[in-house]
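Annotated features in TrEMBL:
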{"type": "ACT_SITE", "residues": "D375", "note": "active site, proton acceptor"}
{"type": "BINDING", "residues": "K287", "note": "ATP binding site"}
{"type": "DOMAIN", "residues": "59-234", "note": "domain 'RGS'"}
{"type": "DOMAIN", "residues": "249-514", "note": "domain 'Protein kinase'"}
{"type": "DOMAIN", "residues": "515-580", "note": "domain 'AGC-kinase C-terminal'"}
{"type": "DOMAIN", "residues": "671-736", "note": "domain 'AGC-kinase C-terminal'"}
Amino acid sequence: MELENIVANTVYLKAREGGSDSNKGKSKKWRKILQFPHISQCIQIKSKIDVSYNYVIDQQPIGRILFRSFCEHKRPLYFRYIAFLDYVVRYELEYDEHRTEIAKEIGKRFLGICFDDDTDGGTQQTGPPATEPTDTTPEIGECKSVADEEEQVQIAVEPSSECPGDVDEMPKIFVNGGELVLDVLNVDLINTVREKINCASKELFEPCVTAVKAFLAGEPFREFEKSMYFHRFLQWKWLEAQPVTYKTFRMYRVLGKGGFGEVCACQVRATGKMYACKKLEKKRIKKRKGESMVLIEKQILQKINSRFVVNLAYAYETKDALCLVLTIMNGGDLKFHIYNMGGEPGFELPRARFYGAEVVCGLEHLHQQGIVYRDCKPENILLDDHGHVRISDLGLAVEIPEGEMVRGRVGTVGYMAPEVIDNDKYAFSPDWFSFGCLLYEMIEGQAPFRARKEKVKREEVDRRVKEDAEKYSHKFSDDAKSLCQQLLMKSVKARLGCRNGRYGAREVKLHPFFNIINWKRLEAGMVDPPFVPDPHAVYAKDVLDIEQFSTVKGVNIDASDENFYTKFNTGSVPISWQSEMIETECFRELNVFAPNEKPTPDLILNAPPTIEKSSCFPFRRKEDAEKYSHKFSDDAKSLCQQLLMKSVKARLGCRNGRYGAREVKLHPFFNIINWKRLEAGMVDPPFVPDPHAVYAKDVLDIEQFSTVKGVNIDASDENFYTKFNTGSVPISWQSEMIETECFRELNVFAPNEKPTPDLILNAPPTIEKSSCFPFRRKVRR
């Protein structure tokens, strides 16, 4: 192995392992990079985002955690609803045989359903506990949440195993009804749960969950919106929106190459998280006219948030390239594992089933968003560090509007469906045919219509796809064979997964081959993979074996390309960025409040922002704060403090470039100003200067300039003077004519609004008579 490759791999593996220090790859200045701004700089973000429960709580990972903290620490009464939702998640993820037990636990603990005899199927009662609830809410420490993602659905207090009877034997939480959520559920919902409690359906509590979330989206969310927890959310959103450049990352070895450039490993300096950076060379894109293709791929990646599809985390540009920062998949691709892991090609059925199930989930998420993948093959299915797989390379993907179809002969030979080969219109059907090819290859160890390294023309492979039946060996079980046959049907109408449009994955999931798959647990990442990649191995070609791109000549980047680059360069992707903050523990270390859950100084709206101390030339900086006397109102003091911030980033008016005045106008000090009337000159000034006074120094007090000697003006200066000597300024000159009434006196026409002689194009100009030295002029007739 070449020395260069050894060095590249060593540095890369060291970065993956997190380095030798406790910061796990973070920059020494990571806290400074992720320093919260004062809340006064973030408050305007509220007007730029969707301030709704669905967006802030359901879609934003950090918003969800902060809302949970708000309920736990500030509104314990609401935390019972959070606990209920946690228990329902636990119920949905549980194995089938244990689900009924948890359903009854939820029924007793949160819905007031009592079971006289769980084992003999005794009577069930619905209603509040025997003792009426009091006005006192129990300390929420009795049902506290656990921050860890895998344990957050667990509650510390163990519920009673039997229906509460004697008050002395009841947990405190039941005595006062502290966990019941009956107040937001109607009787019909409770009765439905009671009647179906033994069916173990995953959807048993869905109507109750909908009702509880509808309640939380009301008054609880409005209270959250006014709290310091929501203000902290705005601070995180401010950090999320900061510009992304090449300086945001450390770059490591090349992992591979795409159509427009290389793919490198990279690491975020602030968090230490590893990603793959897909570099798209600007000149190569322009030469191939690939702008539309690149932008579509970026927009699709930005739209998808799935643990089964590589996620986009950042999009930025450099001088020479557009960069997509994606989930890094260190375990190699399925093609490598099918053919290069020793022994006979292919996987055992359990391993093929696991990978197949995760790919089905990925296709399901794409199709639900109206996206057809069109390039499902082993090379594009990648393994992560833990052995889970994701769909990658969405360069051929396209979004299909509801009810419409597309046409396009794109994909990889041997994996394209018959309708793609024939250039017929299609929706999502090609993906299920390609998935059938993938599943067949994982089991058999070769593709269904072309043997590995077989030299055959494209036309022959296309003919086989359209006409030949695939062959099945002893490696296939009956269910595996049945599934592949149904996926590889030539007719779209007969093909499995193609009857329900973007919801075709439901059919595939129901096939007997996947009967042992617990889809809820799989989708939550709770199923252990059958194979875990070696953490000390690099599943990529040697650096020197990856072919270099040639230089693109004859293509120039100009101003006309900037609009496209602006659409691409959108910075961080919210969900990916927030997940990164949580996974790398930056959120846990930075998201702190003052003792007793009080706001820190940066969250106090009217408090002055703290002055940022700089290590650069401290002897040139004065850190003393300005002093304010009794002459300043609170608003005046606040405005001056924010304008006089030493740090540009913290200074009011400096966040929005040329539009920074908008921030200043919104300060409470200017609340009584009507800006429209002020800008129209319709507000009376509080002081009018004396028209008889001269507000200037006395003539003799103005210092005279000394004579400039030794400098001559010559012809070389004329160019500069010409640029300067432009005469009158149009708007100012016209305003002068109007204000001095010259316009009114001179802007006259002939009677009946007829043109004066000077406006008649073909009439001779009148001879100008001058009063200057009339005796020197002779007017001849």
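Placement of Cβ uses the backbone N, Cα and C atoms for every residue, glycine included.
Curation does not apply to TrEMBL; its annotations are automatic.
When DSSP labels each residue, the domain 'AGC-kinase C-terminal' (671-736) comes out as 25 helix, 0 strand, 41 coil, counted as helix, strand and coil in that order.
Each residue in the domain 'AGC-kinase C-terminal' (515-580) gets a DSSP state, and the totals come to 25 helix, 2 strand, 39 coil. D375 (active site, proton acceptor) carries neither a helix nor a strand DSSP state and counts as coil.
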